[in-house]
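Visitor: Here you go, one structure.
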Number of protein chains: 2
Amino acid sequence: MSAAADRLNLTSGHLNAGRKRSSSSVSLKAVEKPFKVTVIGSGNWGTTIAKVVAENCKGYPEVFAPLVQMWVFEEDINGEKLTEIINTRHQNVKYLPGITLPDNLVANPDLIDSVKDVDIIVFNIPHQFLPRICSQLKGHVNPHVRAISCLKGFEVGAKGVQLLSSYITEELGIQCGALSGANIATEVAQEHWSETTVAYHIPKDFRGEGKDVDHKVLKALFHRPYFHVSVIEDVAGISICGALKNVVALGCGFVEGLGWGNNASAAIQRVGLGEIIRFGQMFFPESREETYYQESAGVADLITTCAGGRNVKVARLMATSGKDAWECEKELLNGQSAQGLITCKEVHEWLETCGSVEDFPLFEAVYQIVYNNYPMKNLPDMIEELDLHED
Amino acid sequence: MSAAADRLNLTSGHLNAGRKRSSSSVSLKAVEKPFKVTVIGSGNWGTTIAKVVAENCKGYPEVFAPLVQMWVFEEDINGEKLTEIINTRHQNVKYLPGITLPDNLVANPDLIDSVKDVDIIVFNIPHQFLPRICSQLKGHVNPHVRAISCLKGFEVGAKGVQLLSSYITEELGIQCGALSGANIATEVAQEHWSETTVAYHIPKDFRGEGKDVDHKVLKALFHRPYFHVSVIEDVAGISICGALKNVVALGCGFVEGLGWGNNASAAIQRVGLGEIIRFGQMFFPESREETYYQESAGVADLITTCAGGRNVKVARLMATSGKDAWECEKELLNGQSAQGLITCKEVHEWLETCGSVEDFPLFEAVYQIVYNNYPMKNLPDMIEELDLHED
């Protein structure tokens, strides 16, 4: 057993101190050539994940190349370049102020250069930048490179619903998994304990243990004492929940704003979880029902999102002020968007194309409230038929 | 179709106004002899459920006898009897002040008299009074009487885990189901929308539709426009969740008190849901996994309970003050108890008897923190092995 593997087992042993079982121990083979990792994206969540990854790459030098690059969209901060600030002061002063980054994390403003000779790419940019980034990367990425997308959601178009990981695979010809969970970025950056889910499907051209990325490698790459990782196969399941939770959060904001209390918010989350599962079964039959209620990317992320965040806030203000969604968004989010407002429309249009609108009464109710001014106090009646146990 | 059934269908049609499907419509046969209903218990939740039941019994006179009795533990309120106040002013001034009760709800201080010639008994008293109530009722209840228990939890003894509904069946020889859900009583009493789950297993001596209690009758008895009911078979599933959620809520209080934020609380709820499911599968193999994540009595009640309430408050104060559970309980609850403190001990002792402690790391961690002063900051490491996806 290699020194790196020893160390990893030791760490896991420590994590499980005082307990007999040690299912979390990862017996990792040293790899032929340590994997070189790059994180694309340097926003709040991008920088946080880059910190996590860099800490692990430093910790397991026989598995990962210690130096981790982070592609940064260059910005001028009071006359200094953001990349220079990150590389000298080890802080992303703009997007993750107050958090010290590991010194083996190197900011690079050159996208193509940042992925040179890389083995693993972690995508963590806003959804809307993905097409441009992929078109720039095209032709510069070896087909043996493996990727993990930390982007939330999916693309809904005329052709149907596409996972963002599938989009990356299609555009760049590389295998791509996903990372999603109940992860408010700032809390993870401050190393408050949380959990996440990584989903990755081993590709047909897998080169073998010790030579290629597998679940153990991904666990080693993302797991930290404060960031507990579960690695599964179901990329679709975790991506679906990551997108649709924002629609459910709007529903929670409505009933909160109406002053209906905790029972009503919990009811919306229950109904929402049911519709998320149904959506997965209908459009991604390969996704597993268990993912939604067992994984951090499922029920836990739903709970965190519905406990607060942009979508809840905008919906709550709609309820209390009577203003429309766009006014509330403008008033509260300072130019940022509440993703649920976009997603509920995309989902409505897609479900209409499929003739399946009535199978998703909560998603439809949220859409009608946001876009057609349906009275939100009718929400309970609008979603009543989700009850599957009726005669 | 009877007038009552017509009316019920009309109500459901109204609930579904504007939507094509109407799966919530209940086509209820008029019954040979309307069911006479009594609610035993008149606390906060007891009075609330009695209000719900009385409203429905008044609304469907061909199905239910309009007059509903509520057994009240007689108390003197400033020189007046509580039953007299309820019967003249239609308000339970002590336990549900400010809520007007239907005038067909009649308070009765005589337990035996309250169940005379009754067809359906709804139990809604504090857990600890159940043995005494049952021993008083013994011999006074016809075996054809059907019951629903609104009590939360189960009895853990040397013989194992027993459902309270099973206890009622054993003591009184009557079929008993359960009602449980994300139901903060005051919110339901104020007619803020919420959902609940009723579970009832049709007994072998079922006398036939129109003559005996079935799922449609129970739906009609409990469903209100503001209180949406789902009727299922799985009595064990909803009872288990109703008991164990309080242990999970203690865990949420700990991480909240430690200042770890929303991610951590969601993680505790995810892990807790997993252990609740496992507990059900291990000790009540007839319970269905879906109950836990599809029903109000499952995931929704867990979410509501973990969003606040006694157990969260006590655990939070333990974390912030360093005081022990009993001091915190005394300081916060004014003589009432945080049920999770009792349940986690009962569960620990039962699991120890079975040699299954290690299968429930969160329940065990909560127990050890409360009873043996384990440092709560070790919680993440203590529960790490629930991760089922590890190699």
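Every residue, even glycine, has its Cβ placed from backbone N, Cα and C.
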Visitor: Hey, TrEMBL has NAD(+) bound by B:GLY41, B:SER42, B:GLY43, B:ASN44, B:TRP45, B:GLY46, B:PHE73, B:PHE129, B:ALA185, B:GLN339. Any idea which of B:ARG224, B:ARG288, B:ARG310 it lists too?
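Guide: Site partner of B:GLY41, B:SER42, B:GLY43, B:ASN44, B:TRP45, B:GLY46, B:PHE73, B:PHE129, B:ALA185, B:GLN339 for NAD(+), according to TrEMBL: B:ARG310.
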Visitor: What whole-number Å value do you get for the CA-CA distance of B:TRP45 (NAD(+) binding site) and B:LYS152 (substrate binding site)?
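Guide: Counting only the Cα atoms, the answer is 11 Å.
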Visitor: Please list residues from the chain of B:ALA185 (NAD(+) binding site) whose Cβ is under 8 angstroms from its Cβ, counting only those at least six apart in sequence.
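Guide: In sequence order, the residues whose Cβ lies under 8 Å from that of B:ALA185 (NAD(+) binding site) (at least 6 apart) are B:ASN44, B:TRP45, B:THR48, B:LEU96.
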Visitor: Out of the recorded positions B:LYS245, B:ARG310, B:ASN311, give me the one sitting nearest to B:PHE73 (NAD(+) binding site) by CA distance.
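Guide: Nearest by Cα distance to B:PHE73 (NAD(+) binding site): B:ARG310.
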Visitor: With DSSP helix as H/G/I and strand as E/B, how many residues of the domain 'Glycerol-3-phosphate dehydrogenase NAD-dependent C-terminal' (B:234-379) fall in helix, strand and coil?
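Guide: Its residues divide into 120 helix, 0 strand, 26 coil.
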Visitor: Using DSSP with the three-state reduction, classify B:TRP45 (NAD(+) binding site) as helix, strand or coil.
Guide: helix
Visitor: How far apart, in angstrom, are the most distant Cα atoms among the substrate-binding residues B:LYS152, B:ARG310, B:ASN311?
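Guide: Greatest Cα separation within the listed binding residues comes to 14 Å.
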Visitor: Among the binding-site residues B:ASN311, B:GLN339, whose Cβ has the fewest other Cβ atoms within 10 Å?
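Guide: Result for the binding-site residues B:ASN311, B:GLN339: minimum number of other Cβ atoms within 10 Å at B:GLN339.
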Visitor: Please determine which of the binding-site residues listed here (B:TRP45, B:PHE73) has the lowest count of neighbouring CB atoms within 10 Å.
Guide: B:PHE73
